[in-house]
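Residues annotated as N-acetylthreonine in Swiss-Prot, with experimental evidence given as evidence: Thr2. According to Swiss-Prot, the domain 'MH1' annotation covers 13-137, on the basis of sequence analysis. As annotated by Swiss-Prot, Zn(2+) binding site applies to Cys65, Cys110, Cys122, His127. The annotation region 'Disordered' is assigned in Swiss-Prot to 163-249. What Swiss-Prot records for 169-182, 234-249 is compositional bias 'Polar residues'. The compositional bias 'Pro residues' annotation in Swiss-Prot covers 186-197. The compositional bias 'Low complexity' feature in Swiss-Prot is assigned to 198-214. Under the heading domain 'MH2', Swiss-Prot lists 271-465, citing sequence analysis as support. Per Swiss-Prot, phosphoserine is recorded for Ser463, Ser465, and the stated evidence type is a large-scale study or a structure entry.
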Amino acid sequence: MTSMASLFSFTSPAVKRLLGWKQGDEEEKWAEKAVDALVKKLKKKKGAMEELEKALSSPGQPSKCVTIPRSLDGRLQVSHRKGLPHVIYCRVWRWPDLQSHHELKPLDICEFPFGSKQKEVCINPYHYKRVESPVLPPVLVPRHNEFNPQHSLLVQFRNLSHNEPHMPQNATFPDSFHQPNNTPFPLSPNSPYPPSPASSTYPNSPASSGPGSPFQLPADTPPPAYMPPDDQMGQDNSQPMDTSNNMIPQIMPSISSRDVQPVAYEEPKHWCSIVYYELNNRVGEAFHASSTSVLVDGFTDPSNNKSRFCLGLLSNVNRNSTIENTRRHIGKGVHLYYVGGEVYAECLSDSSIFVQSRNCNFHHGFHPTTVCKIPSSCSLKIFNNQEFAQLLAQSVNHGFEAVYELTKMCTIRMSFVKGWGAEYHRQDVTSTPCWIEIHLHGPLQWLDKVLTQMGSPLNPISSVS
């Protein structure tokens, strides 16, 4: 009790009152300073303090927006730490474990949500909800393989990999990014299945040329095995996908439950592993991410923080001056978030990062191997579990090879400072001084279970044509 009394000895009554609703018991001093800074802003607005207290004291009751002026960069500094205001106060009064603004969505009643970019921003913690990971529907794998070998996509996949441009195309966020093109899969005329978005010629890619994506299926292939009725992949998937079981008989009226084996998605202990490379040399051990928020930076942190992968600690006897210089510029590096079934990469470094994600490229209508540049202070969604689930569900009826091809989508490559591709003198990621490879465990393990259920491929998987 003595320590608590000393803590609040110089605290104003208004701050004390608001701290009474604080959640969690960590970082008392930081929370006090955050609330004190807020009180000073709200006192200038008539009725704002009363409205905030009403919202905090009656969580289930409707409340008005409680706003503060938006700063130039949108962030608020509290005791040497900068953060987004709605995240700070949601952390203080609702969710102490909140990591990122990607975990929050405003309620419809909020007139000044952070994302609206207005001059005022609402910090009422009860005007935001936390994003929950959507439940992915199981993939229905046919028990008896009725797949026609003539429909095999293996030849198409091989042709694609042989004809992929020697140097990947490049795109820069946000300049090259538009709404995904919703050209549907070519399906047979009588197909009862809704179209899925794709892009037959990668319309958003610079100088589009070459073969179609492995996900554009020839018109004579059998229809997808299962997919949700709403075409949500061209949207930003802000609404959870309907995963109720009653959609299965509507979509698959001719397939009984005895003919298919459902294979469910399971969340692994570690959502990803990260491996660090210098040129074509792997350096150090893999980092296994258990925290949904992971920092990969160029510093040294001997504390063995489970949410931080410090590249500065790793040594390499083959390191040259170019690598040394690049490592010095990694700085704060990249912040990886895994939120609501989506993976985001936020560039914290002063230098850009460069990302090759087939899932992200598919969503934006780029060629699968396109390398996307993410400038400093920008954030990009690089993987979406729901879109992957829909692709996997469609692929099972196209044979083992079609499903196996999706393993490429579960690995994301990212270089620091130096880019690669058609617009750079480095043609391949292994020519960049410092890069990481991210393996997404959940999707990979799901693929493994589906492939095991499907049995052997009709043709052996081989690197030899």
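From the backbone N, Cα and C atoms, a Cβ is placed for every residue, glycine too.
Mapped onto this structure are the features recorded in Swiss-Prot.
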residue: Cys65; record: Zn(2+) binding site; DSSP class: coil
residue: Cys110; record: Zn(2+) binding site; DSSP class: coil
residue: Cys122; record: Zn(2+) binding site; DSSP class: strand
residue: His127; record: Zn(2+) binding site; DSSP class: helix
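Within 8 A of the CB centroid of the Zn(2+) site residues Cys65, Cys110, Cys122, His127, the other residues of that chain are Lys64, Val66, Thr67, Pro106, Leu107, Ile109, Glu111, Phe112, Pro113, Ile123, Asn124, Tyr128.
On the 0 to 100 pLDDT scale, the domain 'MH1' (13-137) averages 87 in this prediction. Cβ neighbour count within 10 Å across all protein chains ranks Cys122 highest among the binding-site residues Cys65, Cys110, Cys122.
Within 10 Å of the C-beta of His127 (Zn(2+) binding site) there are 24 other C-beta atoms, taking all protein chains into account. Taking DSSP states H, G and I as helix and E and B as strand, the domain 'MH1' (13-137) has 50 helix, 18 strand, 57 coil.
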